[in-house]
């Protein structure tokens, strides 16, 4: 039995996230499993590195699947390229050890949230960038981000209902950069809860706007419960950039 | 009479270029003139820094127009932002000297042609990048580009019919960069003939593919006539990046 590891790029705009759901719901996993199953004549199950929210993109999503197929990796890549829709591309594939598991073996993941803070939106990249021309204090956002780095219970930063599953995660770093009005928030952590990066981003944006104080971020984190009108940044600005194993 | 200078960004995909043509042909100039005329109640004529081909994009296209309107620049920008289609944004506007002319005063322009040379196209930026997975020899392309730098008769590098207008132009530099399979060809010159950057790019791509030798580029240039099957790179990869005055 072969175990194949894939790097996948997708534009998440029209998908209800990575993870397969009911038959009539469009997901990236479902699209890929359908093509792989047709290609191999097997009922292929793809293991992804994690869920991504509806509308979120990925540059280097990692997944693996098992097959008895004798096709070469190049032949498989070409087949996928031909039969997958234009908004999903399997960029690389390789045979890997039989014990490799795209989800269990994740050490950390890097997400990037992109904000256009110029006066007007750009005609380019509209689908991948959140635009706001609110004045943002980047120094305050950077300062507030430090509160979240480290190992914490992130119950306040997820849409998960309380006590559904463990909510302690470690954020290794949050880097905030700015270039010609384009702000990128890079978040690296060992795992992310439902909507976690978007809620972190929404909170940091509120800090940048002066609506939330840095000390309040500490309070929100300590409270371990979702705020009533917790801000959640739009999905389209978010992209899973890399996965570390 | 005020003279206003604008910086314009547009996604040229659905336009037949910048320059106004017959009424039923979609052009960027026509869209902007229509909105400015409605805004001012005048018959506004916009002077652009030059034509761009059908399907070519612009990041910082420069244009100017005269008006008696007393509206503030910010009010005008907001009006344009509201009434122009999503693929055209006037980014900046300022009152300028009455003699400023967006076309006559151009010193040079910079175009960028973007090529994705990875095995597969990307799901992102499909509309702005030409994809080819042909093996390209970048060193040869750089060497060949040097043949074109300087002041030459570019009759061989335009779709203009011979003897329709002067075809001597100066190319100040051609820089070719590569990063993770994404190749950018930056061309700066004092003026460009019809299709000139696309034919230069198409020729350099043929050099990269080994179809045309560097010495042949010299011959093509010296011949001062368009080759029978002159290669012209796709419009979508081309973007007017900057205009220098």
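Cβ atoms are placed via backbone N, Cα and C, with glycine included.
Pulled from TrEMBL, these are the features on record:
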type     : residues  : note
DOMAIN   : B:8-105   : domain 'Pseudouridine synthase I TruA alpha/beta'
ACT_SITE : B:53      : active site, nucleophile
BINDING  : B:111     : substrate binding site
DOMAIN   : B:144-245 : domain 'Pseudouridine synthase I TruA alpha/beta'
Helix, strand and coil residues within the domain 'Pseudouridine synthase I TruA alpha/beta' (B:144-245) as assigned by DSSP: 34 helix, 31 strand, 37 coil
Three-class DSSP secondary structure - residue B:111 (substrate binding site): strand
Counts of helix, strand and coil residues, the domain 'Pseudouridine synthase I TruA alpha/beta' (B:8-105), according to DSSP: 27 helix, 25 strand, 46 coil
